[in-house]
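Accompanying notes for the structure given below.
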Amino acid sequence: FPYQGSSIILESGNVNDYEVVYPRKVTALPKGAVQQKYEDAMQYEFKVNGEPVVLHLEKNKGLFSKDYSEIHYSPDGRRITTHPLVEDHCYYRGHIRNDADSTASISACNGLKGHFKLRGETYLIEPMKISNSEAHAVYKYENVEKEDEAHKMCGVTQNWESYEPIKKASQLIVSTEFQKYMEIVIVVDHSMYTKHKGDSDKIKAWVYEMINTISESYRYLYIDIIVSALEMWSEKDLINVETSAENTLKSFGEWRAKDLIHRISHDNAQLLTATDFDGPTIGLAYVASMCDPKRSVGVVQDHSSVNHLVAITLAHEIAHNLGVHHDKSSCSCGSGYTCIMSPVINSEVIKYFSDCSYIQCREYISKENPPCILNKPLRTDTVSTPVSGNELLEAGKDYD
C-alpha cells in the first residue's frame, strides 16, 4: 500500500498500513427511472494496490420485514415503538467485477463502509473523517492492531464425536423447498447502549451492518435472515445481565417467552451486550432450539471494534440454535479458511460455514422441521436472494 508505515485511527482501531482511495460511482440509471436515495444496484470504481477495481453492489432487499419496528424506553419506563420506513435502506452485498471468488458486504449510508474480498484477500473500506472529501481508507484486516490477542470462545460445550454424517454435502439435493426464512429480533442491552453513548443511530448502523454481513453467510445454508425488530434497553435492563453467559442466556430466554414473543412476530432473538462474560466466552446459545419460545435465543458480547468479528459471533450463535455444532478439524470451508463454527475466534476474517455445518443444518431442518422458519414473511421487497443459515451455539472469546 502507498502509505506503508503510516498509522491512522479508524473505526476498526489503529491501522498501520492503508491506502487512500476516491471511489467514483459509475452507475447509469435507465431513462425515466425514478431516482431512489439508494439505488437497487450501484457500481463504484477505485484503485487497490494501484490497480483499478469495480465494486458491484446490489441492495439486500430482504433485510427487513414488512412490519419492522424499533423499540426504546422513556425515562419513566414507557415502551415507545416506531415503524420506520426502511424500504430505501443503504445496505448492500456484491462482488468485485472479474473476480469470481470475490464477495462484498457494504453499507452505503455515508460513504462506503464494510469489507470485500479481492483475489483471496479481505479488505476493509471506510470513509476518512476529512470534511468535504470523498477520501476513503482501504486496508487489509491483518493491518489492524488487535485489541486483545487472547483467544475468544463460544461457551457451548456439547461435542459431536459420535456424529457421522449420513451424506456428504455434494450428495444433498438442493431445491427451492429447502429455502427457509428466519425472522430475528435483536435486543441491545443497557451496557451496550451506554457503550455507544446512547447514540441510537450509531447503534442501529452497527446492528444493521452485522445483519447484512451474516445474511451473506447464511445464503449458503439457504436461510434468509430478516430483521423483525430492534429493541434498545435505553433506560435499564429488563433482565439481570450477568457476567455468567449461562445465567444471562437463561434469563433472556425466559423474558422472550413471557414478554417479547407476545408483542413481536419473530422466530429467534439475540441479545447484544457490552458485559464482559466470564473467562474467554463471548457468546452462548442453546443447540437445536429454533422456534422454542424459551430456547430460540442466544447472547453475544459486543467484543470488538471490528464489526465483522462481532457479526460472525452472532452468526455462530444463531447456527447453534439451528442444530449446528462446533467444527472438528476434518471440517472445511475452503483451503486455508477458518470457518464460522470454529470453537475459537481468532483474529482472522471469517465468512463461510463449513461442509459439516451445511450437513448438520440441513439434517436438523429435515428431521425436526422447525415450523417457524418455513413461512415466507412479507418483506420490504418481495424479491430476495436465497440466504443460508446454520444454527449457532454460544459465542465466546473461545468457542468450546
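Note that Cβ sites are derived from N, Cα and C of the backbone, with glycine treated the same way.
In the record from Swiss-Prot, residues E183, C372, N375 bind Ca(2+) 1; the candidate from D99, D101, D267, D276 listed for the same site is D267. Swiss-Prot records a disulfide bond between C333 and C339, which is the match among C339, C356. Per Swiss-Prot, the cysteine from C291, C331 that shares a disulfide bond with C356 is C331. Distances between the Cα of C372 (Ca(2+) 1 binding site) and those of the recorded positions H316, H320, C333 are shortest for H320. When Cα-Cα distances from H316 (Zn(2+) binding site) are compared across the recorded positions D267, C291, C331, C333, C339, the shortest belongs to C339. If you take the Cα of D267 (Ca(2+) 1 binding site) and the Cα of H326 (Zn(2+) binding site), they are about 22 angstrom apart, rounded to a whole number. For the pair formed by E183 (Ca(2+) 1 binding site) and C291 (disulfide bond), distance between Cα atoms is given as 10 Å, rounded to the nearest Å. With respect to E317 (active site), the closest of these recorded positions in Cα terms is C339, chosen from C339, C356, N375.
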